[in-house]
Amino acid sequence: MASQLLSRATYFAGGIPSLRKLHRETTTTNNHVAFVHTRPIAEGANLIWGRQLRPSLLLDNLSAKRETVRPTYAAASSSPAGGSDSAGEAKVAPAGFFEKYPALVTGFFFFMWYFLNVIFNILNKKIYNYFPYPYFVSVIHLLVGVVYCLISWVVGLPKRAPIDSTLLKLLIPVAFCHALGHVTSNVSFAAVAVSFTHTIKALEPFFNAAASQFILGQSIPITLWLSLAPVVIGVSIASLTELSFNWTGFISAMISNISFTYRSIYSKKAMTDMDSTNVYAYISIIALLFCIPPAVIVEGPQLLKFGFNDAIAKVGLTKFVSDLFWVGMFYHLYNQLATNTLERVAPLTHAVGNVLKRVFVIGFSIIVFGNKISTQTGIGTCIAIAGVALYSFIKAKMEEEKRRTKVA
């Protein structure tokens with residue numbers, strides 16, 4: 001029995017260093033990192049204290065360690081002091097919750113992603129109803145997220161990844177497009193109904209396809225173009241009969257679509273071995289620096305003159321500050337959780353998840369705010385969402401076929 005306990009202690013003690021050295025190995029061994037990015041995260045990523053560990057590296061390290069320890073453990077088990085264990089039978093440590101129930105964990109991630117997104121959109125619109133300053137609110141969204149990231153780095157969850165001038169130059173265009181898209185989205189949210197803004201933003205796949213075809217020079221199949229026709233038609237029908245329509249909200253949502261399209265293009269050029277949590281943190285910091293000047297120039301004088309005073313007079317200082325804090329926190333958490341969630345699943349599941357998210361947001365916003373929509377607006381919105389679903393399904397199938405071809 002003593003030898004068995006000693007072997008178990010040796011087994012677990014041997015496994016701990018591999019986990020501690022995991023981050024260092026990912027940053028120093030470029031070949032390993034490049035190999036990890038080609039493997040599907042759907043095999044089961046892990047979240048430990050809010051930090052995502054790349055599953056293949058984790059499993060590779062553990063499996064390598066187990067291969068060197070198992071013979072010793074088996075020998076100890078077959079010794080007379082070991083008791084009733086059969087000879088040569090290796091003992092494996094019980095799987096953790098994340099490995100044992102991957103589907104349940106992924107489902108929980110999707111639920112939290114949708115829940116946080118819906119809460120953000122509702123709280124965001126409620127703030128604009130008594131504080132119509134989207135440039136300043138956009139700054140608050142990013143500021144709260146940046147503070148959250150800095151605190152996380154200080155406590156080491158996750159550990160901050162180093163950044164150099166080369167990587168900074170790659171991330172600056174991504175952050176600029178992220179900032180522009182974020183601000184214009186908020187301008188649209190403040191000007192029109194949340195449901196209408198999300199209906200306009202359903203056109204984002206159309207802009208992505210156009211950019212891929214005419215900017216990147218990629219050939220887009222005719223089936224993809226045809227699947228986008230219902231999106232354009234549906235958005236047009238909804239726009240013509242939307243009761244809250246105004247040009248500021250419409251144009252801002254369209255600029256947001258274009259900005260996020262270029263963000264996707266620059267993101268492909270800025271592919272890095274850095275994990276998604278650190279990448280998003282750096283992008284948030286840079287985007288915040290881009291958002292502060294226009295907020296000061298456009299809304300600064302009005303805020304100082306009567307903006308803050310009017311908001312405090314309507315809801316009180318405590319609620320005003322707490323609303324701004326929580327809307328920023330929900331914004332950061334839903335974006336970060338969306339990134340971690342979508343890394344766990346296949347492209348088709350990713351596509352379906354994005355479409356369902358938009359349906360959830362539109363539906364809940366109509367219920368909460370009691371927005372009156374015409375029959376034509378409802379029909380147009382449904383047609384647009386159906387078109388996005390069809391486009392996402394076809395594109396995900398194409399990406400899956402490309403991946404299988406490369407593997408073969």
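Using the three backbone atoms N, Cα and C, a Cβ is placed for every residue, glycine included.
Here TrEMBL flags 105-392 as domain 'Sugar phosphate transporter'.
Taking Cβ pairs closer than 8 Å, the transmembrane segment (101-123) reaches residues 44, 189, 194, 323, 326-327, 330-331, 333-334, 337-338, 340-341, 344-345, 353, 356-357, 360-361, 364-365, 368-369 in its own chain, all 6 or more past its ends. The transmembrane segment annotation in TrEMBL covers 101-123 (among others).
For the transmembrane segment (135-155), the residues of the chain that approach it from at least six positions outside its boundaries are 50, 124, 127-128, 179, 182-183, 186-187, 190, 281, 284-285, 287-288, 291-292, 294-295, 298-299, 303, 307, 324-325, 327-329, 331-332, 335, judged by C-beta separation under 8 angstroms. TrEMBL lists 135-155 (among others) with the feature transmembrane segment.
Marked as transmembrane segment by TrEMBL: 167-183 (among others). Note on the transmembrane segment (167-183): residues 134-135, 138, 141-142, 255-257, 259-260, 262-263, 266-267, 269-270, 272, 274, 279, 282-288, 290-291, 294 of its chain, located 6 or more positions outside it, place their CB under 8 angstroms from a CB of the stretch.
Per TrEMBL, transmembrane segment is recorded for 222-241 (among others).
The annotation transmembrane segment is assigned in TrEMBL to 247-266 (among others). Using a Cβ-Cβ cut-off under 8 Å and counting only residues 6 or more beyond its ends in the same chain, the transmembrane segment (247-266) has close neighbours at 170, 173-174, 177-178, 180-182, 184-185, 187-188, 190-192, 196-197, 200-201, 203-204, 207-208, 210-211, 215-216, 239.
Annotation source TrEMBL lists transmembrane segment at 278-297 (among others). Long-range contacts of the transmembrane segment (278-297) within the same chain: residues 135-136, 138-139, 142-143, 145-146, 149, 152-153, 158, 160-161, 163, 171-172, 174-176, 178-180, 182-183, 272, 332, 335-336, 339, each at least 6 residues beyond the stretch ends and with a Cβ under 8 Å from a Cβ of the stretch.
According to TrEMBL, the transmembrane segment annotation covers 317-334 (among others).
Taken from TrEMBL, the feature transmembrane segment applies to 355-371 (among others). Packing against the transmembrane segment (355-371) from elsewhere in the chain are residues 113-114, 117-118, 121-122, 125, 193-195, 198-199, 201-202, 243-244, 381, 385, 388-389, 392: each is 6 or more residues past its ends and has a CB under 8 Å from a CB in it.
For 377-394 (among others), the entry in TrEMBL reads transmembrane segment.
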Spatial neighbours of the transmembrane segment (222-241) far in sequence, C-beta under 8 Å, 6+ residues away: 196, 199-200, 202-203, 205-206, 209, 250, 374, 376-377, 379-388, 390-391, 394-395, 398
The answer for the transmembrane segment (317-334), taking Cβ pairs under 8 Å and residues 6+ beyond its ends, is 113, 116-117, 119-120, 123-124, 126-127, 131, 137, 140-145, 148-149, 284, 311
Take every residue in the domain 'Sugar phosphate transporter' (105-392), average their pLDDT values, and give the whole-number result. 88
